[in-house]
Structures are given as structure tokens and as C-alpha cells.
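**Q** Structure in C-alpha cells, see below.
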Amino acid sequence: MPGDYYEILGVSRDANKDEIKRAYRRLARKYHPDVNKEIGAEERFKEINRAYEILSEPETRARYDRFGEAGVSSGAGSGFEYGDMGGIADIFETIFSGFGGMGTGTSSRRRTGPVRGDDLRLDFKLNFREAVFGGEKEIRIRHLETCQVCEGSGAKPGTGSRTCSTCSGSGQVRRATRTPFGTFAQVSVCPTCNGSGEVIEEKCEACGGSGRKQETKKLKITIPAGVDNGTRLRVSREGDAGQRGGPPGDLYVYLSVETDEEFQREGIDIKSEISISYLQAILGCRLSVNTVDGPEEITIEPGTQPNTVLTLPNRGVPKLGNPVARGDHLITINVSIPTRVNPEERELLEKLAKIRGESHGKGGIEGFLGGLFHK
């Protein structure tokens, strides 16, 4: 009876498709019979392939999750046949590309079809307020664009291309290798046509035959309100141009936010601090404080204690994707106690201490403001 397929691949039961594929690639490379000659490696390799065969397909995975092996055993072979690898064959080409590319001998795909362009990454820095409120920003990128002279063909205008004689248009060259486990085809990219299956008669002078040119471009992008460090924005079709009529890739903009001297951010809340005098703390007052929306008046209640936190509702960061909802602005009150007072102030404070029935010493007033002042 086969073991648990999740345990065989070393993944959790809630692993996504990419995690399962990565685990399979790692284990298949390790236990492939052409690589691992240890006893039991072949059997382990078959288990790994069976596990991937079941877990890589949503339908069979769902049956396995619900009924176990009984849900997938009907009509499914217990062994693994190299000639019927399905999507696994594509992974094999990737896994063993370092060994010259190992295939199954059944694939003869041409590589002359459209190829999507690569995605690109751009790191972009915002100041604190730009991250809070968003807005439109201009960026500059360098990417590959389709050559306007040859329209992406790579051929000099008025000339064409012919089928590569080295690979007969397949874009691949193969070499059969016999092993104790059967005959395998080692596959590599054709060195003559670089995998295109065609050879250009005369290269385009503008792009050197590649069909694409490196260009610098200015773009305006919209920064949504409430972004934070690590927020990723996708700009469709602004990556590298595709090849042979393929679509362009996408541009991914990764945002970072500069620190602010006055404000700190915690989730969608903003934090700041202000200092008031001990008299303002005792008597209370009205003050103007800075917020990301501008100055705002707050009330310091009489008897406010050090480290009191005042909350300004809806003065924080807009929630990403729902800018109507905002966090709060939390203001910590620091009370400044003077280290020295002049004689007149001291006399008044001593009278206050006497009224309150509190003692004081040479080093300062004890009790209400005890031990806080020095001559």
C-alpha cells in the first residue's frame, strides 16, 4: 500500500500547486535512476512520480483528500511509465537541463511559436505621505520592445528565414542514451538556431537579428492610498516584448516607504508624540498638533498623566483597497518636568506644596511634584 502522497513529497496538506511542483523537482532530481544508483532509489522515484501525478491535478487531488488511495486507484496504474508522462515531461526537461536536458523521446515540439516576454521588476521609493494618500507618479523603465524596422522577425527587411537544417525546425537536438532502465533522449537547444527552428538569412541591422531592442520609456502609474513597504503593483504589458508575436510580459513595481521624522506607522494607525509642560498637564490646555491631514486642535484635559495616549479617529492610513476606511492617529503625551526652577517659581511651588499638605526637601518638592526639582 502506498504511503501518504503529501508525506512522500514532504509538503503540507494545504500546499499550493507551486509548492508541490518545487518539492517534486527537488526529489525527482535526487532520486532519478540516472543520477542516483543507490538501492531503492528507483522505487522511491516511482513513488515520487505517483505522488506528483495525483497531487498536481486538482480533480485527482480532491478525490485523494476525500477518499485516500481508494479514490484514485481506479483506472490508475500503480507503476510509472516513462512514455506517458503528460505534464511531468515538461518538468523533466527543466530539472535535467543541467545534464544537457533529459526528455522522454516522445516530445518533438517546435519552438517557433509565440513566446511571452519576461516580467520585469522595478523598486520604487515613496515618502511617508505619498504612501498614505497615494497619487500619480512618473517612472522610467528600460525594457525590450519589438524592433520597428523588422517588426520582430529579426530579418533584414526584404529577406526571410529558412528552416534550420541542424534540427529540422524542431529547435532541439537529441541524442539517444541507453540505460538499464530504458532508452532516454538527451535534449538540448539547437546551437544553430537557438531554439527557434529557423535561421535568418540576413539579420536586421537595427536589432542584430533578435527582433527586439532595449529602450527607455517613461510611464505614469497610479499609487493607491494606503500602500506600505513591500506592496507590489502590477503594470500590465510593460515588461519585455514577446518573441515571434508573443505578448509582452508585465512590470512589477515593488514599493518601499521612507521613514518620517514625526510620524510612525503601525498597520493602518499613525503614531506620534508631543511634549507639554507640567503646568499644562495639571491645568489642561488647547494645542495644535500636526497630522497627515494638516494641523488639528486637541484638548489636553486637566490632570493629564505622562504617556497618556489621545486618539484622533479616522486620521490614520486609508485601508488599502478601501480608502474610505481609515485608521486612527494615536498621540502619546510626554510631560516635560524642569530640572531647575528660579527662586520665584520655587516659592510658588512651595506654597502649593504647603496648601496640599505635602513636604519638600532641599533637593526639590516631594509629594505632588516630589523629587523632581533641583536647586
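Keep in mind that glycine also has a Cβ here, set from the backbone N, Cα and C atoms.
Heads up, here are the entries from Swiss-Prot:
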{"type": "DOMAIN", "residues": "4-68", "note": "domain 'J'"}
{"type": "ZN_FING", "residues": "134-216", "note": "zinc finger"}
{"type": "BINDING", "residues": "Cys147, Cys150, Cys204, Cys207", "note": "Zn(2+) 1 binding site"}
{"type": "REPEAT", "residues": "147-154", "note": "repeat 'CXXCXGXG motif'"}
{"type": "BINDING", "residues": "Cys164, Cys167, Cys190, Cys193", "note": "Zn(2+) 2 binding site"}
{"type": "REPEAT", "residues": "164-171", "note": "repeat 'CXXCXGXG motif'"}
{"type": "REPEAT", "residues": "190-197", "note": "repeat 'CXXCXGXG motif'"}
{"type": "REPEAT", "residues": "204-211", "note": "repeat 'CXXCXGXG motif'"}
**Q** How long is the line from the C-alpha of Cys207 (Zn(2+) 1 binding site) to the C-alpha of Cys164 (Zn(2+) 2 binding site), rounded to the nearest angstrom?
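**A** About 21 Å separate the Cα atoms of these two residues.
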**Q** Which of these binding-site residues is closest to Cys204 (Zn(2+) 1 binding site) if you go by CA atoms: Cys164, Cys167, Cys190?
**A** Cys164
**Q** Using Cβ-Cβ distances, find the residues under 8 Å from Cys190 (Zn(2+) 2 binding site) that belong to the same chain and are at least 6 apart in sequence, listing them in sequence order.
**A** Cys164, Thr166, Cys167, Ser170, Gly171, Gln172, Val173, Gly197
**Q** Which residue counts does DSSP give the repeat 'CXXCXGXG motif' (204-211) for helix, strand and coil?
**A** 0 helix, 0 strand, 8 coil
**Q** How many other Cβ atoms are found within 10 Å of the Cβ atom of Cys193 (Zn(2+) 2 binding site), counting all protein chains shown?
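**A** Cys193 (Zn(2+) 2 binding site) is surrounded by 24 other Cβ atoms within 10 Å.
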**Q** For Zn(2+) 2, what surrounds Cys164, Cys167, Cys190, Cys193 with a Cβ no more than 8 Å from their Cβ centroid?
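**A** Along the chain, the qualifying residues are Ser165, Thr166, Ser168, Gly169, Ser170, Gly171, Gln172, Val173, Pro191, Thr192, Asn194, Gly195, Ser196, Gly197, Glu198, Val199.
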**Q** Measure the Cβ-based neighbour count of Cys167 (Zn(2+) 2 binding site), defined as the other Cβ atoms within 10 Å of its Cβ.
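**A** The Cβ of Cys167 (Zn(2+) 2 binding site) has 23 Cβ neighbours within 10 Å.
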**Q** Under a three-state reduction of DSSP output, how is Cys150 (Zn(2+) 1 binding site) classified: helix, strand, or coil?
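**A** SS state of Cys150 (Zn(2+) 1 binding site) = coil.
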